[in-house]
């Protein structure tokens, strides 16, 4: 516990030392301003919401009618109830990722937006925090709408939705931060194919459509090391149950992702642009 | 009491791996001055500017800006600088007006103050009628003026301009020079790089000529011309090519044969022309002109094309 607190202090001082909320807000405000630039961004925003929803309807509800019940924590639930929290976690992941990969990469490498920003008092970590906050806004916009759909379809209770909502924020922060770190390593648009493939693999095999216990043991172990698994388990545990101490492990995994991602992204932005 | 110079560099060095971009330069810029870095491409001007802008840490040597250390106090220094980079990096997702208000927010200005400044500055750079429009359709000169307005948004003490008029047409250049002159009259310290001699002569009180990462000359435009050139230059063209150059030996102070013409550096241009005729030479065209920084520049940095 002491080491965790010491690490926390080190992170605050090392990574967030001297961070100005006003400057982070200014980076965020730039994105709010860009929203007004035209309908293009809104279109991207909307399409991002529908993707997990369509999966929920086609596979969760459609295929679910063929599958029947699935055990969650020893209790049989409808297949759609099993899949819905996973799609909620996926929408949190992809909402945040889309922002910190495509958009950040474009601003970083092509629009040279950050070169201009770094000529002001704004620091790399403040850019990273501002962009991550914006990714969080997009993520929560998706997950809020998704939770409404889940409650309306009877796939979770209102209490479950309230419990899962903050967890989706953590999922967004974790994937948003790691995505931003990854964007600083991408060489060009061709690397996005790799990223998309990786993202899709996680989407299919993270206990999203079938319980990981059904996989061969080797695959089960591999899956339990990957990030979306922890996101799905955390969100499912809160939305459907059962709540147990393992949820802390899942949350801890995501916190580490968020902090490490932010740290790497800040370092890389500084290293590549302040030369 | 004399104020400390706004910018002081001593033995300033910037290396990128094996490559030395800036090789130990000494510079000092006083408040209110317009100071120029003149040099061919690759001379180290932009690297120097980036170090002064506090977006690039010096490899060695000493650099103090506004009495502070750019590495330790970067945030405080950048808050008092205005930077107009060589390549426009305006925000194409934002309108012309929002480019300024958003930038103002990075400096911590309130929303109301940001809007007030943006309005004033668009008037100043004559873009008020484009305030609501997008950035993309603006001409090169308009974009550069907007970038200069953006650099002014925090009311900076020093404005850094990296090749402010490169790629602009003559009208746009003259308008920009006039605006920069207005800034100077308001007491803003200007630091600029250029490879246009006329720009340096128009704008700079003092300048250094850089070549290969080093400073090869320093002074006011007038001093440099006096030191490294002659008051007048005679440009001679000969129908039969530049073979006549050998016969010009001893005319004026110095003779510089070019592929298409011969330059004669002389204290008195007309006397030199008289001497040319006295030697029985018949140039197809004769032009006597005042010596310019270009003559100094070419004399100091040579005629080899640098890319």
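Cβ atoms here come from the backbone N, Cα and C positions, even for glycine.
The model shown is predicted, which means the values in this text are computed figures rather than measured ones.
Under the heading domain 'ABC transmembrane type-2', TrEMBL lists A:43-272.
Among residues of the same chain six or more beyond the transmembrane segment (A:53-72), those with a C-beta under 8 A of the stretch's C-beta atoms are 78-84, 87, 90-91, 146, 149, 153, 155, 209-211, 236, 240-242. Look at TrEMBL and you will find A:53-72 (among others) tagged as transmembrane segment.
Summarising the annotation, TrEMBL assigns transmembrane segment to A:79-98 (among others). Sequence-remote contacts of a segment are chain residues at least 6 beyond its ends whose Cβ falls under 8 Å from one of its Cβ atoms, and for the transmembrane segment (A:79-98) they are 44, 48-49, 51-53, 55-56, 59-61, 63-65, 67-70, 72, 135-136, 138-139, 141-143, 146-147, 150, 153, 155-156, 164, 168-169, 171-173, 175-176, 179, 199, 202-203, 206-209, 211, 228, 231-232, 234-236, 238-240.
Feature annotation from TrEMBL assigns transmembrane segment to A:132-155 (among others).
The annotation transmembrane segment is assigned in TrEMBL to A:162-186 (among others).
Residues or ranges marked as transmembrane segment in TrEMBL: A:243-265 (among others). Residues 11, 15, 73, 100, 125, 128-129, 132, 167, 170-171, 173-181, 183-184, 227, 230-231, 233-234, 237 of the same chain lie 6 or more positions beyond the ends of the transmembrane segment (A:243-265) yet place their CB under 8 Å from a CB of it.
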